[in-house]
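Visitor: Positions annotated as transmembrane segment by TrEMBL: 66-83, 103-121, 133-154, 160-183, 195-217, 229-251, 300-324, 336-357, 364-385, 391-410, 422-439, 451-478.
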Amino acid sequence: MSEKHEEIISVSNVISHNGGITTFMSPHTGKPVHMIGDNDVAMEFAEKMEDFEVDPEEEKKLVKKIDMYLLPLICILYALQFMDKNSLNWASVLGLRKDLKMHGQMYSWAGSAFYYGYLFFEFFTSMSIQRFPIVYVVSIYIVLWGVILCLHSVPQYPGFIVLRVILGGMESAITPAFVIITGQWYTKDEIFLRTAIWFSSNGAGTLIGSGGLAYNIYQHRENFNLAPWKLIFIINGVITIGLGLIIPWHIPNKPTEAWFLNDREKKVLVQRIKRNQQGFGNKHFKKEQLYEALMDRRTWAFFLIGVTACIPNGGISNFGAILLSTKLGYSTSKTLLMGMPHGAVEFGGCIFFCWLYRFYKVRLFWGCAGQTVTIISFCFLAFAHNTKVEYAGYALTSMLVVTLIVVESLIASNVAGHTKKVVTNAIFLIGYCAGNLIGPQTFKEDQAPQYTSACIAMVVCACICMGIMILLWIDYALENKRREARMNDPTVVEFLMIANHEFADLTDKQNPLFRYAI
């Protein structure tokens, strides 16, 4: 080893090699942090380059280039996963319930089955995308869920339920993977809008799936030998398999391996990501970060937001078409067409709300604003007695996705330490699953077509969700204020002396320079 890397900086609270932190006494946890050669994967690249000032124009061009190469495929994949998941909703009015002889709560359980699989597999899939090359793992999961979706054309209810469970397990990898990928490529200020763009692609999936695919299959149903609902699953499945095979050839496993960036651009990217006080990730599972995630109150705030936001989401996702056809009295073809504005509101409205962030950079404010619209929409659906008002309420319910976008962007920005980020995101998605699992069960067959209890449950859950977001906002603001007050602490001053500390895979609690995006 060179003399440069043997040189040791020793101060009262920090012992460090230039190549990486050895021991650091965190002023926030009061515990020693041992980081011997177990840093972020960006550290090796960073050690070979010197710090430099990034030219704003050069950075702007780089961000546009990253957007151009990454976002389109990510958006297409996310829209497709929503089409795959939501195929059940469209199939419900195309003969699925009749052909599989569903009665009572059987359809509700078909909706919940997907989230049982999501729930059971979430932690396993999250760990796998940390341990192995992320894009290769995601590609395997996508191809597998495409195959499973094609098999949904089975003629018996029990087999259909089993396939729904497996499909949920395979799809559980996609959201945590995209959260990690977004955090690898973008700074904190950029993460919110990019998360909004790919997450709101769910709305594009609704537009394409409901008005483009399901409606046209229904209109030409006499020309097919298969039942319309079976064709929906098969077509979506084949497209999914094709895109799953493409992704590893286009998206790199880490930014420093990007085929579309030159050496200079890779250096600029690494220098930019330092601002996040975190890097590209670490392949080792760290028990201390697992413990910190489990003991962090914000982890459980995310979990509760996931549950309360997704009880309504689970209901609308699975019963939206049924509400339009029974509660509002639309025909099958009109039901499929009238599902399109719901997707348009989600796609355009969510991006608009998140675009407004550039004028007032408080994510949780815009999350609460979106949640206010959601509460109003649920009130229209629950209490209005006018078909047009009820439909307006249905169309606007898709604004609940703004809350999920805010949470996913906060996890990407505010949870540092790769193991902690993976665990926190998994816990949030377990809450997401639990809510989506409960949601369909609030729709009782004996309350059709009004489903009064389900509509009231949506209003109550949306109000609770907004209250939790406000508490999280206050918590982050107070913690940032406390950290600013400690900036002259000797430990913090000493920590600043350590080169590339941003890539030491420290958690947000261990790193005294970390600030929470609000």
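Glycine residues also receive a Cβ, built from the backbone N, Cα and C atoms like all the rest.
Burial and contacts for the listed features, if you can.
Guide: Sequence-distant neighbours of the transmembrane segment (66-83) (same chain, 6+ residues past either end, Cβ-Cβ under 8 Å): 142, 145, 171, 174, 178, 181, 185-186, 194, 197-199, 201-202, 204-206, 208-209, 213, 236, 239-240, 243, 246-247, 250-251, 258, 260, 269.
Same-chain residues lying 6+ beyond the ends of the transmembrane segment (133-154) with a Cβ under 8 Å from its Cβ atoms: 77, 81, 84, 87, 125, 160, 163-164, 166-167, 170-171, 173-174, 177, 180-181, 226-227, 230, 233-234, 236-245, 247-248, 251-253, 281.
If you look at the transmembrane segment (160-183), the same-chain residues 6 or more away from its ends with a CB under 8 A from one of its CBs are 70, 74, 77-78, 81, 84-85, 88, 100, 109-110, 113-122, 125-126, 128-129, 134, 137-138, 141-142, 144-145, 148-149, 151-152, 154, 191, 194-195, 198, 251, 276, 278, 281, 408-409, 411-413, 421-422, 425-426, 429, 433.
Here the transmembrane segment (195-217) has Cβ contacts under 8 Å with residues 71, 74-76, 78-83, 86-87, 90, 94, 178-179, 182, 224, 228, 231-232, 235-236, 333, 336-337, 339-340, 342-348, 350-351, 353-355, 398, 401, 404-405, 408-409, 412 of the same chain, all six or more residues outside its ends.
Sequence-remote contacts of a segment are chain residues at least 6 beyond its ends whose Cβ falls under 8 Å from one of its Cβ atoms, and for the transmembrane segment (229-251) they are 69-70, 73-74, 76-77, 80-81, 83-84, 87, 90-91, 94-96, 99, 135-136, 138-143, 145-153, 181, 209, 213-214, 217.
Long-range contacts of the transmembrane segment (300-324) within the same chain: residues 85-86, 88-90, 92-93, 107-108, 110-112, 115, 330, 334-336, 338-339, 342, 374, 378, 381, 391, 394, 397-398, 400-401, 403-404, 407, 410-411, 424, 427-440, 442-443, 449, 451, 454, 457-458, 461-462, 464-465, 468-469, 471-472, 475, each at least 6 residues beyond the stretch ends and with a Cβ under 8 Å from a Cβ of the stretch.
Through the fold, the transmembrane segment (391-410) approaches residues 175, 179, 182, 191-192, 195-196, 199-200, 202-203, 206, 302, 305-306, 309-310, 312-313, 316, 320, 323-324, 328, 338, 341-343, 345-346, 349-350, 353-354, 363-364, 366-367, 369-371, 373-374, 376-382, 384, 425, 428, 432, 458, 462, 465, 469, 517 of its own chain, all at least 6 residues removed from its boundaries and within a Cβ separation under 8 Å.
Outside the transmembrane segment (451-478) by six or more residues, the chain places 297-298, 301, 304-305, 308-309, 311-312, 315-316, 319, 323, 327, 362, 364-365, 367-368, 371-372, 374-375, 378-379, 381-383, 397, 400, 403, 406, 414, 435, 442-444, 516-518 with a CB less than 8 A from a CB of the stretch.
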Visitor: Any contact between the transmembrane segment (336-357) and the transmembrane segment (364-385), i.e. 3 or more CB pairs below 8 Å with pairs at least 6 residues apart?
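Guide: Yes, since the transmembrane segment (336-357) and the transmembrane segment (364-385) share at least 3 Cβ pairs closer than 8 Å, they count as touching.
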Visitor: When you scan the chain for residues with a C-beta under 8 Å from the transmembrane segment (422-439), skipping those not six or more beyond its ends, what do you find?
Guide: 111-112, 114-116, 118-119, 122-123, 126-127, 129-130, 168, 172, 175-176, 179-180, 289-290, 293-294, 296, 299-300, 302-318, 404, 407-408, 411, 415, 461
